[in-house]
Amino acid sequence: MKESDEKAEKINKYIEMLINYPVNLTAYTTKKDAYENLILDSLIPIEAEDTFLNSKNIVDIGTGGGIPGLVWAIYFPEKEFYLVDSVSKKIEALKIFIKELKITNVYLFCERAEDFAKTHRDYFDFATCKALARSDIALEYLSPLVKVNSYISLFKGPSYYTNEMKYTQNVLKKLNIAEFKEIDYEIGEDKKKRYMILFKKIGITPQNFPRQVGIPKKFPLGEIK
């Protein structure tokens, strides 16, 4: 079997397990919807993106059912992926998926993002999260995890520019990161507009970030002057 066929087979099996798992891991209930909104949305923005392709170890915070981390792990077996979620039922599901799919390049952690940062500070080449939190909150979680001159990605829809961008701008200096590039793309027959916003870590993250468990969401950094 060709490598590409093997990956496609694993993706099909993964979608089947994801939408049929007894604990709700996704809002999508059909293979078509799951493929477009979860698989394609994870792959399209990074398939030609050097900041991702040149990275060796990658972290996905709030991975849920494995989006995008597990999808990326299937397509990039030469890279290491660390998937983090604070909900034990989701991590248990991922253990099953990884075993069934015979994936060997994934490490699972059942931890809060704030605690995970204590043991994996300045460790990763690339960090991401999807649908976890507003951009300023997500950036506080992710910035401490990557090395200086490494990258952070956020998946966003069109509402990012009207609802979230102002909060993003307010945390860049505080976290020693800079916006690096925006990748815009479309998914599905209805051509839904999607964006991957990439940030570069330009200096050491101050030691007080991330703040203690629960504080980033309760008192978002983007709202603090």
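The backbone N, Cα and C atoms fix where each Cβ goes, and this holds for glycine too.
Taken straight from Swiss-Prot:
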- Gly62, Ala113, Glu114, Lys130: S-adenosyl-L-methionine binding site (BINDING)
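The Cβ of Gly62 (S-adenosyl-L-methionine binding site) lies under 8 Å from the Cβ of Val84, Asp85, Ser86, Ala113, Cys129, Lys130, Ala131, Leu132, Ala133, each on the same chain and at least six residues away in sequence. There are 21 other CB atoms within 10 A of the CB of Lys130 (S-adenosyl-L-methionine binding site), with all protein chains counted. The binding-site residues considered are Ala113, Glu114; of these, Glu114 has the fewest other C-beta atoms within 10 angstroms of its C-beta.
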